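To start, the structure under review is shown below, and the notes come after it.
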Amino acid sequence: FTRCLVGSWVSLAVGPLVILISFPLGILLGGVSGYYGGGVDMFIQRVCEVMLAIPGLPILMAMGAALRGFGLSAMMVFLGVILALAIISWGGLARIIRGQVLAIREMDFVTAARAAGANDLRIVIRHIVPNVTSYLVVAATLTIPGMMLTEAALSFLGYGIQEPMTSWGQLLSVATNVGAMELHPWILIPGAFIVISVLA
């Protein structure tokens, strides 16, 4: 139970840390793509399509195996997992932000601001960003449990958090033996914490 408490900060920190990296990247690229259009839009969207076409879990497993092979410290492996999760998760956000910016930039208040002489930066900050904030809040609340589950899956398979650090997924990795679960049912407690946190 104590290790569950120690591992909770890793499992609960994954989602917010991934958001801090992937959301600025997705917002920036999606906003630029939607606002300026043209060749920039075409290039960014092709990159997004490539990122979305790559199967996430096998890539994360390969990255996790590579991080372990380099002999890095547990903290560096943790940061590497965070970075890997952020790299594969920004594409979907960028596409949705692009769609919203495409719709907002044609609205009357944006046209009026442009006619009044407002520059692009002012239009984006004062008129476009406030109109996509509500979606970003919802996306963040949905991203956190998804990243928790992905990290737990990686650690469960042995490609995520390594000793001496611990996480709920890494603790749950010992529950792969039916005999062990019958003799020591408390090894399933980390799974209960994962379920409760994701549902919350």
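Yeah, the Cβs are placed from backbone N, Cα and C, and that goes for glycine too.
The structure displayed is predicted, hence computed values, not measured ones.
Quick look at what TrEMBL annotates:
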DOMAIN    8-200  domain 'ABC transmembrane type-1'
TRANSMEM  12-38  transmembrane segment
TRANSMEM  50-70  transmembrane segment
TRANSMEM  76-97  transmembrane segment
TRANSMEM  135-161  transmembrane segment
TRANSMEM  181-199  transmembrane segment
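Residues of the same chain lying 6 or more positions beyond the ends of the transmembrane segment (12-38) and with a Cβ under 8 Å from any Cβ of it are 44-45, 47-48, 81-83, 85-87, 89-102, 105, 120, 124, 128, 132, 136, 139-140, 143-148, 151, 167, 197. Listed by sequence, the residues of this chain that lie at least six past the ends of the transmembrane segment (135-161) yet keep a Cβ under 8 A from its Cβ atoms are 7, 10-12, 14-16, 18-19, 22-23, 27, 56-57, 60-61, 63-65, 68, 74, 77-78, 81, 85, 89, 93, 96-97, 100, 167-170, 172-173, 194, 197-198.
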